[in-house]
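Q: Pasting the relevant annotations from TrEMBL:
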type: BINDING; residues: CYS446, CYS449, CYS486, CYS489; note: Zn(2+) 1 binding site
type: BINDING; residues: CYS455, CYS458, CYS473, CYS476; note: Zn(2+) 2 binding site
type: DOMAIN; residues: 219-385; note: domain 'Helicase ATP-binding'
Amino acid sequence: MDRSSRHGTIPASSSAPRVVDVLVPVAIDHAYSYRVPRGMEVRPGEVVTVPLGPREVVAVVWAGNPAPDPRLHNRLKDISGKLDVPPLRDELRTLIDWVANYTLSPRGMVMRMSLRMGEHLGPERVRPGVRLSGEPPRRMTPARRRLLAVLSDGLLRAKSDAAREAGVSAGVVDGLVDEGTLTTEPMPRSPPPPPPDPDFAVPDFSRSQRAAVDAMRALASNGTFHVALLDGVTGSGKTEVYFEAVAETVRRGRQVLILMPEIALTGQFRDRFAARFGERPLEWHSELTPRNRARNWAAIAAGEAQVVVGARSALFLPYADLGLIIIDEEHDQAYKQDEGVRYHARDMAVVRAHVAKIPIILASATPSVESEVNARKGRYQRIALTSRFGGQHLPRIELIDLRREGPSRGRFISPRLAGEIVTAIERREQALLFLNRRGYAPLTLCRGCGHRFACTICDAWLVDHRFRDRLVCHHCGFSMPRPHQCPHCAAEQSLVAVGPGVERLQEEAAALFPDARTMVLSSDLITSIETMRSELNDIAEGRVDIIIGTQLVAKGHHFPRLNLVGVVDADLGLGNGDPRAAERTFQLLNQVIGRTGREQGRGVGYLQTHQPEHPVMKALVAGDREAFYASEIAARERTGYPPFGRLASLIISAGDRPSAESFARQLAAVAPVDERIQVLGPAEAPLALIKGRYRFRLLVKSARGVDLSGYLRDWLASAPKTRGNLKLEVDVDPQSFL
Ligand SMILES: Nc1ncnc2c1ncn2[C@@H]1O[C@H](COP(=O)(O)OP(=O)(O)OP(=O)(O)O)[C@@H](O)[C@H]1O
Ligand SMILES: [Zn+2]
């Protein structure tokens with residue numbers, strides 16, 4: 001069913017040139033008018049190329065323009081060509097308009113996310129193939145002999161493949177083509193990916209899973225807009241359960257999108273999918289090569305790819321017939337894109353599902369407060385899995401009070417935790433040391449003069465990365481070799497590392513447990529999805545005793561022999577002034593401890609903390625999730641924070657501090673008065689300097705039902721314009737308050 005055909009083609013009037021509005025993929029909001037050349041038929045949604053200044057760009061016809069301004073006629077340019085790909089459907093164009101309007105992003109930039117492969121777009125290139133003709137070569141060489149041997153089966157091979165298999169250069173192949181020994185033929189287009197088989201390996205579901213499985217199948221077969229929160233404790237089998245909704249949708253011949261918070265997770269996930277469906281799903285993320293990107297895009301647009309697993313940008317792809325969306329780990333803050341178009345992929349996925357009239361499943365063991373409230377109010381259907389699969393118990397959690405039983409100075413693993421790790425290894429189980437901090441140490445200082453190494457263009461300390469032997473800024477990526485001398489007082493050997501990162505923990509673990517095999521997992525050490533996959537396999541197959549990792553290991557993994565997690569600094573996320581600090585800490589710690597005790601024995605998590613009285617710690621120890629949500633929801637309600645109120649932030653930055661501050665003040669001064677809306681600030685941002693830019697923030701707070709985007713748009717329309725290097729960024733529903 002092609003919904004865009006409802007609009008039909010844009011009618012040609014007899015004399016005046018036909019004009020259409022075309023959205024170009026640049027930072028502007030409105031579409032430009034272009035003339036349709038004689039003999040070309042275009043419909044809204046069609047992908048075209050148009051001249052834009054000195055360039056040719058791939059763009060999309062957004063609407064007909066039946067009454068163009070006659071004064072423009074002579075100045076309008078022609079559409080250059082049409083791409084042989086399906087038009088962007090109404091559904092996707094509506095989403096693009098909606099997201100642009102909601103986030104206050106230029107529509108062209110939102111649309112660009114749907115055309116992410118730019119010039120690689122278009123039908124796949126035809127590759128030349130070669131085959132033996134029967135004509136003998138005039139002259140024989142060893143290289144020619146090898147090539148003929150490879151082709152002796154008479155099959156057609158891509159030219160490059162034939163050369164590679166025979167170990168000869170392309171010139172050898174061309175030579176034999178010229179002599180008529182080989183004939184050339186175009187290679188057939190690569191076949192579409194084989195479809196997943198919904199009945200390949202259906203698991204036996206446990207009694208407690210069965211109700212959820214039935215609910216999944218029902219929701220998929222109803223096929224209407226509906227939001228379900230699949231709320232299942234860690235290890236309950238959420239993935240197996242939502243696979244049944246996938247299977248049902250695939251049986252109906254419609255497409256499924258599964259979003260993951262982190263692309264490093266997609267490798268393992270695709271293997272697991274293949275175990276259930278016999279085939280790996282198509283993937284979509286920033287690590288794809290341009291060629292795979294173009295191929296996957298085309299397969300998705302043609303409806304040949306039935307299941308797509310991807311990072312948040314996969315939400316904007318032109319699915320031919322999307323029938324279901326799944327958001328795995330829906331609470332994860334990685335779903336918020338914090339630059340360019342600032343959107344929350346979970347929330348916008350709900351919008352897409354609504355526009356497309358299809359079901360969406362949000363899965364989590366620790367739902368976001370937003371989704372939890374929606375489930376409590378009945379706006380989302382809660383589908384619960386309250387126990388672990390296979391009768392395993394949920395982990396037990398104990399606190400280690402660092403004020404009383406902490407490690408000695410310069411050490412980070414307390415004696416009690418170290419003792420438990422020894423016992424675990426003796427039992428041939430694995431242990432995970434969790435610390436959400438990359439590198440060796442967050443701060444380096446000179447013992448002689450107190451000099452601290454800071455980034456010169458950011459308000460941040462340089463982080464010591466010993467494996468790379470450099471000091472690195474985590475905000476701008478600046479790095480320098482680790483110095484051997486203080487640049488300030490010239491003292492030699494005077495630099496000390498302050499505080500721990502995962503690399504330093506590994507050093508300590510090696511000293512404490514000299515016979516144990518350790519592995520560090522952190523995003524800066526993972527070079528590709530493939531290396532991540534092989535390291536995770538090493539862990540799953542027991543080739544590692546102690547895993548030392550950042551939040552990368554907290555998510556979604558299943559390590560059969562892991563029964564102990566030591567959280568080195570449980571307080572790390574609590575003290576940063578973020579209104580969601582408690583929620584995030586609760587989610588992250590729950591999730592990481594949830595990696596334990598998944599197959600045999602009871603898992604246990606140790607939280608090293610300075611704040612054993614903190615409500616988050618108490619809720620974790622008591623295993624009392626209800627208490628946590630109840631107090632957090634009450635606090636949000638009291639303060640009018642989301643989801644009981646709405647927030648937006650305006651970030652003003654400039655190359656010098658006074659310009660940024662004075663513009664922020666001018667902006668605040670012209671905020672329209674509305675008794676339902678409060679404008680707070682400007683205040684210097686917690687990260688006051690990033691990449692050489694000074695930053696101020698305004699926080700806009702409103703009641704729940706207010707059209708905050710509309711308010712912001714009116715405000716900014718009447719505000720002074722940014723000039724010079726002043727920049728104003730709008731973040732609706734901010735997740736980061738730095
Ligand atoms: N019905 C079943 N039959 C066989 N194995 C199952 C079944 N349900 C779950 N499992 C297995 O139990 C383990 C945990 O399942 P899964 O990873 O889906 O849990 P989860 O709820 O997503 O966990 P988490 O939120 O902790 O990542 C997996 O190894 C999975 O294959
Ligand atoms: Zn920096």
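Each residue, glycine too, has its Cβ placed from N, Cα and C.
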Q: List the residues in the vicinity of the Zn(2+) 2 site, defined as same-chain residues other than CYS455, CYS458, CYS473, CYS476 with C-beta within 8 angstroms of the site's C-beta centre.
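A: Output for this site, in sequence order: THR456, ILE457, ALA460, LEU462, HIS474, HIS475, GLY477, PHE478, ILE690, LYS691.
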Q: Round to a whole number and give the Cα-to-Cα distance in Å for the pair CYS486 (Zn(2+) 1 binding site) and CYS455 (Zn(2+) 2 binding site).
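A: Here the two Cα atoms are 15 Å apart.
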Q: Can you give me the same-chain residues 6 or more apart in sequence from CYS473 (Zn(2+) 2 binding site) with a CB-CB distance under 8 Å?
A: CYS455, ILE457, CYS458, ALA460, LEU462, VAL463, SER479
Q: Tell me which binding-site residues (CYS455, CYS458, CYS489) have a Cβ under 6 A from ligand 2; sequence order is fine.
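A: Among CYS455, CYS458, CYS489, near ligand 2: CYS455, CYS458.
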Q: How far is it from CYS476 (Zn(2+) 2 binding site) to CYS449 (Zn(2+) 1 binding site), counting Cα to Cα, in Å?
A: 27
Q: Same chain, not part of CYS446, CYS449, CYS486, CYS489: whose C-beta falls within 8 angstroms of the C-beta centre of the Zn(2+) 1 site? Give them in sequence order.
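A: Going along the sequence, the neighbours appear as ARG447, GLY448, GLY450, HIS451, PRO487, HIS488, ALA490, ALA491, SER494.
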Q: Would you mind listing, in sequence order, the residues at least six apart from CYS446 (Zn(2+) 1 binding site) in the same chain with a Cβ closer than 8 Å to its Cβ?
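A: In sequence order, ARG452, CYS486, HIS488, CYS489, ALA491, SER494, LEU495, VAL496 meet the Cβ cut-off.
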Q: Summarise the model's confidence over the domain 'Helicase ATP-binding' (219-385) as a mean pLDDT value.
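A: Its mean pLDDT is 95.
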Q: Which of the three DSSP states, helix, strand or coil, fits CYS449 (Zn(2+) 1 binding site)?
A: coil
Q: Counting only residues 6+ apart in the same chain, whose Cβ is under 8 Å from the Cβ of CYS449 (Zn(2+) 1 binding site)?
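A: Spatial neighbours, sequence-distant, of CYS449 (Zn(2+) 1 binding site): CYS486, HIS488, CYS489, ALA491, SER494.
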Q: With the cut-off set at 10 Å between Cβ atoms, which of these binding-site residues ends up with the most neighbours? Options: CYS455, CYS458, CYS476, CYS489.
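A: By the 10 Å Cβ neighbour count, CYS455 comes out on top.
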